[in-house]
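Among the features that Swiss-Prot reports, domain 'Toprim' is placed at 321-404. The Mg(2+) 1 binding site annotation in Swiss-Prot covers Glu327, Asp400 and rests on sequence analysis. The annotation site 'Interaction with DNA' is assigned in Swiss-Prot to Lys352, Asn355. For Asp400, Asp402, the entry in Swiss-Prot reads Mg(2+) 2 binding site.
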Amino acid sequence: HAGGKFDGGGYKVSGGLHGVGASVVNALSTELEVFVHRDGKIHYQKYERGVPAADLRVIGETDRTGTITRFKPDSEIFTETTEYEFDTLATRMRELAFLNRNIKLTIEDKREHKQKKEFHYEGGIKSYVEHLNRSKQPIHEEPVYVDGSKDGIQVEVALQYNEGYTNHIYSFTNNIHTYEGGTHEVGFKTALTRVINDYGRKNNILKDADSNLTGEDVREGLTAIVSIKHPNPQFEGQTKTKLGNSEARTITESVFSEAFEKFLLENPNVARKIIDKGTMAARARVAAKKARELTRRKSALEVSSLPGKLADCSSKDPAISEIYIVEGDSAGGSAKQGRDRHFQAILPLKGKIINVEKARLDKILSNDEVRTIITAIGTNIGGDFAIEKARYHKVIIMTDADVD
């Protein structure tokens, strides 16, 4: 292998897993050429299937510095395809440009469908958060940006809250996307929850009678990037999608909490909006818990008294039973006349049902029609979902395809 990562002067930080990148590309290519512009000279060497075709030689003079590598993937090894997807590569280039502020990356496709993209972001991960939130409604205009370092570990965090109900946290170590999170992400989440609760208490936004906001509460509507540079990262598993260094947690927590506390003190209006958002999430969480409990029925016999006017079938065997969900009483009447009451149940729904994609759980579960469906089918929802409790093995939704 090239061994670049093992020599202390080579890289300040690296992926740190294999240290064999160039060597692997060389071994998997029919040919590979390297042009190194250095010390006023252009050095060149060509390889064929991993073996040098000739010795390293100087082929010219230059006033530039840098390396050009060309390679052709070996179709005998990559039997399915040797075609590169422009969009896949461009997405990764964009990600790297966001993670390394002020770097300029250009990707050009010189094949039949010629295209070229250039990525350069002066705002770095702050611009990344703005990019991710571009189609959302932020509750504070400027993303919060934090950077600092301790014991040789550099920490960068950018975050912005929006009006939505989901959170998106993306963490990176040495430019590697740690999909499964890890210690740096845990440190960030811990600090975020603690700092918001502390600020809320000190400024009397959270009253004595109020419970502390949970991690889920304070992360509702959050988009965040956590990027650290670590000289000796320890990844869990060969895919390096999770960071394992224990010190990464304490350093990320310390750097972020100190800067975020300062930010909240200097921006009381934004702080208020963030805590109000978390408080609403907490109320919704409590309401959803109560609503969920309302949907739990002790037995299937209670279904007959539901407001949804369920006309149940006489069979108690779910394997042959089916339920037809129809629009309104008029459709319900026709369906009841045409059904086989032995195994076909009819559930007429009235009014326009709620759009569950755009509503919070407490709102969804306070909707009579939704509760009727949950109780009639019998499986419950969320963490309590149990498919074996289904009262019908076929659910047929008979509605017209308009907006409601």
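Glycine residues also receive a Cβ, built from the backbone N, Cα and C atoms like all the rest.
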Within the domain 'Toprim' (321-404), how many residues are helix, strand or coil going by DSSP? 32 helix, 17 strand, 35 coil
Return the count of C-beta atoms lying within 10 angstroms of the C-beta of Glu327 (Mg(2+) 1 binding site), excluding that atom itself. 18
What residues, ordered by sequence, lie under 8 A Cβ-to-Cβ from Asn355 (site 'Interaction with DNA') and sit at least six positions away in the same chain? none
As a whole number of Å, the Cα atom of Asp400 (Mg(2+) 1 binding site) is distant from the Cα atom of Lys352 (site 'Interaction with DNA') by 12
What whole-number Å value do you get for the CA-CA distance of Glu327 (Mg(2+) 1 binding site) and Lys352 (site 'Interaction with DNA')? 9
Do you know which of the recorded positions Lys352, Asp400 has the most other C-beta atoms within 10 angstroms of its C-beta? Lys352
